[in-house]
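These notes concern the structure reproduced below.
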Amino acid sequence: MAASSSSCSLLCFLSLLSLLTLISSTTIPISHFHKYPLPLPYQNLNYLASSSLTRAHHLKNPQPTTTTTTPIFSHSYGAYSISLSFGNPSQTLPFLLDTGSDFTWFPCTHHYRCDNCSFSSSTTNPHRSPILPFIPKLSSSSKILGCLNPKCSWIHRSNTQCNDCKQSSNNCTQICPPYLILYGSGSTGGIALSETLNLPNNTVHDFLVGCSVFSSFQPAGIVGFGRGLLSLPSQLGLSKFSFCFLSHHLDETTANSSLVLDKSSKKSQGLNLSYTDFVKNPKLADKPAFSVYYYVALRHISVGGQRVKVPYRYLSPQLDGSGGTIVDSGTTFTFMSREVFELVAAEFRRQVKKQVRAVGVEAMTGLRPCFNVSKEMKTVSFPELRFHFKGGAEMALPLENIFAMAWEDEKRSGGVVCLTVVTDGVAGERELVGGPSIILGNFQMQNFHVEFDLRNDRFGFRRQQSCN
């Protein structure tokens, strides 16, 4: 991993800050993050499956460092992005929207280095970032965060060391220590800034944002929408935010939906959403990252109307911090702990008896079960997957949110469909324990309008024909 705290010397050009506040409601376009597509469907599915599993491993077992206890993680494939403008004058950058973390950072300075970030097989420079970085010296409102600034402790919690300030705290010029964040398949590091955030109809000054000078496997910055103090919803004082998960059929298009940031105290009217309460993980002292996640009270799972007998210890957070279900915009394919997955997959196999298993495709994609289908088949029937939440809310998933198609050839004369749920390891391998047992990913919530109601501590959703 390429990382060095001396990289902060690249930021010595930074200067000072100003400006305003957010009003009741702001709307921002949300879209898929544009990527370099892999040439074959099997390769795309394999990447989505492996990246979803890598992210799940990190969310289940986030690794703290000496500089931060909050993880940041995302991937270019299967992600959703928004554009945000920082600085004076404004510089606009794309950010991956992540409800599984609470820190916002952008690629920063002319010296920004990113290893393995373009995902392009034809690139001649593996360190070149696919996007332009933020340039602090071009912004009159950029200010390095001081070590004694209370927001510095948001990043480093109790680990903040301001040794240079002990003798002269009133005139201390020590900066907030650089952050170095490690996660599933990459890293990012840099220094914290206070900067102006320019929203479509509002300006927010003194917004805490990370100026990353190096990253690996990060094609863009990340905007954290988790539950922590660092998150955008917390810094803006939002009562709720909502958006619609665009269909992945619209990847690489200009289609977009709206991210709504709301500070009003009114409950949503006329949206006809189904709601379930957020729940807390009781084990937060050892794993503070768990407090950032949006846990929901899942009661049971059904396949084709048949209830899957999932042990309760997987459905609800336990005293040791394991178990429970979280909603995560940064995960593509839903993750289930092995015992849960095997029970669900077995019920699919039992109900889909007429289709032949495509074992070879399962090996290539990392997904299972996969079934052969062809145009010659007059009817192909697959069961519905449904999540049942506390309070009676039910999320019934259409087939396009459950299975992914992988055509056998360019003529699309035949193909294979695979269940888009991943698990850790296979029979005989050690299972990763701890953390959430089920991570509800964005593929399963395509064309669902979702609302994170922070004031009333609940999650709302509604299926739509389309998001755009």
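Including glycine, each Cβ sits where the backbone N, Cα and C put it.
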Cysteine paired with C418, where TrEMBL records a disulfide bond, from C370, C467:
C370
Could you check which of these recorded positions, D328, C370, C418, sit within 10 Å of D98 (active site), going Cα to Cα?
D328
Measuring Cα to Cα, tell me the gap between C370 (disulfide bond) and D328 (active site) in whole angstrom.
25
